[in-house]
Amino acid sequence: MKAKHQRLSLALIALVAIIGAGLLAMSALKDQAAYFYTPSDAARDHVRPGVAVRLGGMVQKGSIRREADGVTIRFVVTDGAEAVPVRFKGIVPDLFKEDSGVVAEGRFEPGGGFVADNILAKHDERYMPPQMAGEMHRSESLKK
Amino acid sequence: MHIFANPNRFLAIARPLTPWLGWTGALLLAAALASGLMLTPADYLQGESVRIMYVHVPAAWLGMAGWSGIAAASLMQLVWRHPLAGVAARAIAVPGALFTAICLATGSIWGRPTWGTWWEWDGRLTSMLVLFFLYIAYLALAGADDERGQQGSRIAAIFGLVGAVNIPVIHYSVLWWRTLHQGQSITLKGSAIDMSILWPLPIAMLGFTLLFAAIVLIRMRTLLAEAKVEARLKRMAAA
């Protein structure tokens, strides 16, 4: 075996070992590295009330309600299976709208509702000019 | 590749190639950015801010392609002992770090009006930040070695190979984990970006890439010239 081949096989073995270790680490991270809970996750994992978490999903169509004080809004986050009512006081991003993705930072209340301190809008990977977007912009980014 | 084991033969090609790559890249880039700013329509949801894409996506591509280049050159250095491989890897590191920083900065500026935040610790953003830190660490490591006069030292090469683990993590972060960053728009199956918005993007990517290649060639020539000066000074000191 020539020295060059020895080095090549050594490098390849090292590379396979490193990538394997990396993949193992990443798959172990899988659940912890998720950026938010979906309503189904939150129901399955019994997220305790009062713990700071992020809740992500779609804003249910027709669910946005503005309260009398003008700055508090209520809406429902859904992932198709489960739905969670959310209350938020403050300014929402421009892209926050019904039937669109949202990530709410806050905590669950004992009653099953969610109080958000911050609202982030999540858009999907489809970009198109305004005249094309009619009904076809229903986000699918949460199904992954 | 061993034709280029002789730096003079490499330089004979690199010297005339540099301005060609640089100017073609600059022209393509100017055309793509002008079209992206003036000719393409705004997005139905994000409005005008979608135009940041024409800088953000090429910068992300070059940040990741740069480290892939460092890893490939490191492998060549370790296995085949190619004399220019270490030089190439060092030459890629600075522009690679620069474009990663551009990607992070433009992404942050894009995130504020769309998502409502400058920065979030989601999988894609965090793994890209790790790439930036890897570049900084590589530069520090290679620089420290060069200062000790070990131009061909293998520590930087090993680090370059190990760091490549992060590249697939960045790529698959939006598939493996739920992230705030949206999924892949362009896959082998096609593009989720409408043609009217998409078309300047490949031109911008090509332009940025040619410019990147020109920067790498300039830096390789600089590093070779530095090594030459160093060797000449040593000879003079010995005489």
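The backbone N, Cα and C atoms fix where each Cβ goes, glycine too.
Just so you know, TrEMBL annotations never went through curation; they're auto-generated.
If you look up TrEMBL, you'll see A:1-7 marked as topological domain 'Cytoplasmic'. Mean pLDDT for the topological domain 'Cytoplasmic' (A:1-7) in the predicted structure: 81.
Sequence annotations record features per position, and here TrEMBL assigns topological domain 'Extracellular' to A:29-144.
Among the features that TrEMBL reports, heme binding site is placed at A:HIS123, A:TYR127. The Cβ of A:TYR127 (heme binding site) lies under 8 Å from the Cβ of no residue that is in the same chain and 6 or more residues away along the sequence.
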For A:TYR127 (heme binding site): DSSP state (helix, strand, coil): strand
Cβ packing number for A:HIS123 (heme binding site), 10 Å threshold: 22
Per-state residue totals over the topological domain 'Cytoplasmic' (A:1-7) - DSSP helix, strand, coil: 5 helix, 0 strand, 2 coil
